[in-house]
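Undergrad: Got a structure here, written out as C-alpha cells. Questions coming.
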Amino acid sequence: MSSHGAALPMLSRKCKGLTGEAHVPGDKSISHRSLILGAMSVGETRITGLLEGQDVLDTGRAMRAFGAEVEDLGQGNWRVYGVGVGGFTEPDNVIDCGNSGTGVRLIMGAMATTDMTATFTGDASLNSRPMARVTDPLALFGARAYGRRGGRLPMTIVGAADAAPVQYTVPVPSAQVKSAVLLAALNARGESQVIEREATRDHTERMLAGFGATIETEETAEGRIIRLQGQPELKAQDITVPRDPSSAAFPVCAAIITEGSDVLVPNIGLNPTRAGLFTTLIEMGADLTYENLREEGGEPVADLRAKFSPNLKGIEVPPARAASMIDEYPVLSVVAAFAEGRTEMHGVKELRVKESDRIDAMAKGLRAAGVTVDEGEDWWAVEGRGHGNVTGGATVESRLDHRIAMSFLILGMASEQPMQVDDGGPIATSFPIFESLMGGLGAIIERV
Ligand code: S3P
C-alpha cells in the first residue's frame, strides 16, 4: 500500500538494451542535512541540486515547523533562513516525517537539547522502525522520550534545557544515530565525543565543519572518535548537493545485467563511506569504469560508465564493506541473480530494520522470480543463475520501500518474464524521476 493515496502497481519487461546518459538526482543524505544544518545556522543558506523526493520535502516541512524559513526557488534551488543553534521554536503540530528514518532521527537529535516538546510520527513503515537507538543516547543529554509502542513512533520528545555534553559509543553501525547525537551535541555545553567502531557515512561531520563547527575525527584502533565543541555559531552556507550514488546504483546495475547496454552516469560522488557497491560490482567482473575521476568539494567524483557484463561471477562481500553500501544490497542481490555462482553477503542485520526487512522482502521476491536465496539473521546468499536464466514473471510486494520497488523493476529489465511490483509509489521518496530516467535509457516500465 502506498503511504500517500492509492497503490501504484508497476511492471517492467525485458528491453533491448539501455543506452545514453543518466542524470540522477541529488544525494538524499546530503539533502536532509543541508536543510537541517541550514535551519540551525545563522543567515541564508542556498542549496543547489536538492533532492526533491518526498523524504526530503518532509524534512523541509519539519524545519518550517521548528521556525526556519524554507523556500523553494525552483529547479532544485532552495533557500533556508536559519534560526541558529538552540533557536528552534516549539512546533504547533505533530511532525510527520513520512517514510524517512533519516529525517525523523536527525530532527529528533536536532531538537533534543532545546527546551521544547515535539511529537513525531510517520507512515506505517517508519512507525514500525526502532527509535530507541536514537532516544537512548538523547536521554544522556537529559531529553526524555514518551511513547506507547515500545520504542516506535509516534513518540514525544521533551528536550533538555541546558544540556551537558556526552561521550557515546554508537552500538550499531548507523550514520543516523551518530548524526542524531552530533546534532544534539551542538546545543550542549562543552565537548561531546561520539565513537563509532565501524566507519559510516561521514556527511554530518564534513558538513558541520563546513558550517563552521569545531569538529575533529581521530582514527584509532578502537574506531573513530569524533569530538564536537558545543554551542558554536553555525554560519549559513552555499551548498551544491552532489548526485546520489545510491540512486546511481539503479541505472548502473540495470546496464550491467541488460544485454546491449552502455550507460554513462555523470558526476557521482565516490566518498569511500558510500561507494562499496561499485567496488563489489567490479570484483564480480562488471564492466564498470570511473571516467574523468576528479575531486570536487574535497570529495572524489567520477562519471560512471556501466556496460552489459555477460560474465559476472558470485563473490563473498566482506562484512567490513557493509556500511559503505548498506542501501545497495537489494539491487546487488538482483545483479547476483544474473551472475554465475553464489554471492554471499555477511554482517548485514541492519538490513532488517530499514524501510522494510530488506533481506526478507528481496528473498521472497527473488524466489518468486525463480532464484534460490538462503538467509540467516545477519547474512544472506543468492545462487546466481547466469545471464539468460532468470525467470522473473512474478508480482512482488514493495512494502513501502522505494529500494525494493526499484530493485525488482530493474530485475524485470533482464529477466525472461516481466516483473511487477504491487506499489511503485514509494519510489518518489528518493528517486521521483526513476520511471522517466530509466524510460529515457530504453527501459520498458508500465503502470498497470
Ligand atoms: C543514512 C544512513 C543509513 C542509510 C539511510 C541514510 C543517512 O542508515 O540506510 O538511507 O543519511 O545517515 P543508518 O545510518 O541507520 O544505517
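For all residues, glycine too, the Cβ spot is worked out from N, Cα and C.
All annotation found in TrEMBL is predicted automatically rather than curated by experts.
Here the structure is a predicted model, which means the values were calculated and not measured.
So TrEMBL says this about it:
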- 15-436: domain 'Enolpyruvate transferase' (DOMAIN)
- K28, G101, R129, Q176, R358, R403: phosphoenolpyruvate binding site (BINDING)
- K28, S29, R33, S174, Q176, D327, K354: 3-phosphoshikimate binding site (BINDING)
- D327: active site, proton acceptor (ACT_SITE)
Undergrad: For each of K28, R33, R129, K354, R403, count the other CB atoms within 10 A of its CB; which of these binding-site residues has the top count?
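TA: The residue with the densest Cβ neighbourhood is R403.
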Undergrad: Could you check which of the binding-site residues (R33, S174, K354) sits closest to G101 (phosphoenolpyruvate binding site), going Cα to Cα?
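TA: If we rank R33, S174, K354 by Cα distance to G101 (phosphoenolpyruvate binding site), first place goes to K354.
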Undergrad: Out of S29, S174, R358, which binding-site residues have CB atoms lying under 6 Å from ligand 1?
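TA: The binding-site residues passing the 6 Å Cβ test are S29, S174.
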Undergrad: Using the structure shown, find which entry in S29, S174, Q176 (the binding-site residues) has the sparsest Cβ neighbourhood within 10 Å.
TA: S174
Undergrad: Taking Cα-Cα distance, which of the binding-site residues R129, Q176, R403 are within 10 Å of D327 (3-phosphoshikimate binding site)?
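TA: Checking Cα-Cα distances against D327 (3-phosphoshikimate binding site), the binding-site residues within 10 Å turn out to be R403.
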Undergrad: Including all protein chains shown, what's the count of other C-beta atoms within 10 A of the C-beta of R358 (phosphoenolpyruvate binding site)?
TA: 25
Undergrad: Using S29 (3-phosphoshikimate binding site) as the reference point, find which of the binding-site residues R129, R358, R403 has the shortest Cα-to-Cα distance to it.
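TA: Out of the listed candidates, the nearest Cα belongs to R403.
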Undergrad: Whole-number answer please: how many Å between the C-alpha atoms of K354 (3-phosphoshikimate binding site) and Q176 (phosphoenolpyruvate binding site)?
TA: 12
Undergrad: When you measure from the Cβ of G101 (phosphoenolpyruvate binding site), how many other Cβ atoms are you left with inside 10 Å?
TA: 21
